[in-house]
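> My questions will all concern the structure given below.
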Amino acid sequence: MSSYIDLLNTAAQKVNIIVGITFFVLGLVGNSMNILIFSSLLKIQVFPPSPGRLYLLATAIANLVFVGYLLLTRILISGFFIPVTNTINFICKSRFYIGQVCMFTSLFCTSFATIDQYFISNRSVRIRQLSHLSFAKIIILVSVFLWCSINIPVLFLYNVYPRNNGTSTVCTVYSPAWSFYYTYFQSLALLCLVPLSIFIIFGILTRRNLHSVRQFHRSISRQMTKMILLQATTMGLSLFIATVQIIYQSVTMNIQKDALRNAQDNIFNTVANLLT
């Protein structure tokens, strides 16, 4: 039995290293290319200025920061057992704060882009007029300010504390109220269920619009819509995994677990974290 447990723990470590580094490289390259494509840095504009392009640019920037900081430190912590968050208070605080802001920005900018595609693909002129570039800029600025604000408690609550054994430290928060709020409202409801519902509802509505409107603007606009819907579908699958993970952790929080169960949870959480 002990050899099987060791095998699971070793597998989790290898997955963190191999898959984590692969996602890290692909994330850096892919999001950097998206920033070039959706910004005005290139002389040749692949897509014309539009709210959808602006939302995807904001998403790419947030994803690049997340991959460059959050995923890199996750590889160091879980793959190479370098406890940077448990020893350095700045990384303990900033990693969780920046991670939350980037996840909210990425998910909701993609949500806004999905809603915007429903607007511009609609038959109604009044609804199509809701898609406006200046309106999109305001939404992005307000939403980023909101995500930065609601996560400010993280900077005060998360700290490096001594473990019970007194020989090491751990980055954690000792606040039952915050833990309950974060688990059930901020993570489960706001970060998972709300964007997932938007992706499903407006994704279906947009596809229905595309089927009903044959002459839809230009082919470049249809290409943008398909790109956003594909990204929304991918994020929706990731959110479904994250929702299952949060519910499982909440249900099994007070259950006494043996070494085998902890090893099984470790490999599950490793895969789920890399996919979300």
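Heads up, the Cβ atoms here are built off N, Cα and C, so glycines get one too.
TrEMBL lists these features:
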type	residues	note
TRANSMEM	17-42	transmembrane segment
DOMAIN	30-276	domain 'G-protein coupled receptors family 1 profile'
TRANSMEM	54-77	transmembrane segment
TRANSMEM	97-115	transmembrane segment
TRANSMEM	135-161	transmembrane segment
TRANSMEM	181-206	transmembrane segment
TRANSMEM	227-248	transmembrane segment
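For the listed features, I'd like the structural context: burial, neighbours, distances.
Long-range contacts of the transmembrane segment (17-42) within the same chain: residues 53-54, 56-57, 59-61, 63-64, 66-68, 71-72, 74-75, 78-80, 274, each at least 6 residues beyond the stretch ends and with a Cβ under 8 Å from a Cβ of the stretch.
Taken as a whole, the domain 'G-protein coupled receptors family 1 profile' (30-276) shows an average pLDDT of 83 in this prediction.
Outside the transmembrane segment (135-161), and at least 6 residues removed from its termini, the chain residues within Cβ reach (under 8 Å) are 51, 54-55, 58, 85-89, 92-93, 96-97, 100-101, 104-105, 108-109, 112, 116, 169-175, 178, 186.
Residues of the same chain lying 6 or more positions beyond the ends of the transmembrane segment (181-206) and with a Cβ under 8 Å from any Cβ of it are 100, 103-104, 107-108, 110-111, 114-115, 117-118, 121, 150, 225, 229, 232-233, 235-236, 239-240, 242-243, 246-247, 249-250.
Long-range contacts of the transmembrane segment (227-248) within its own chain (CB-CB distance under 8 A, at least 6 residues past either end) are made by residues 52, 55-56, 59, 106-107, 110-111, 113-114, 117, 183, 187-188, 191-193, 195-196, 199-200, 203, 206-207, 268-269, 272-273, 275-276.
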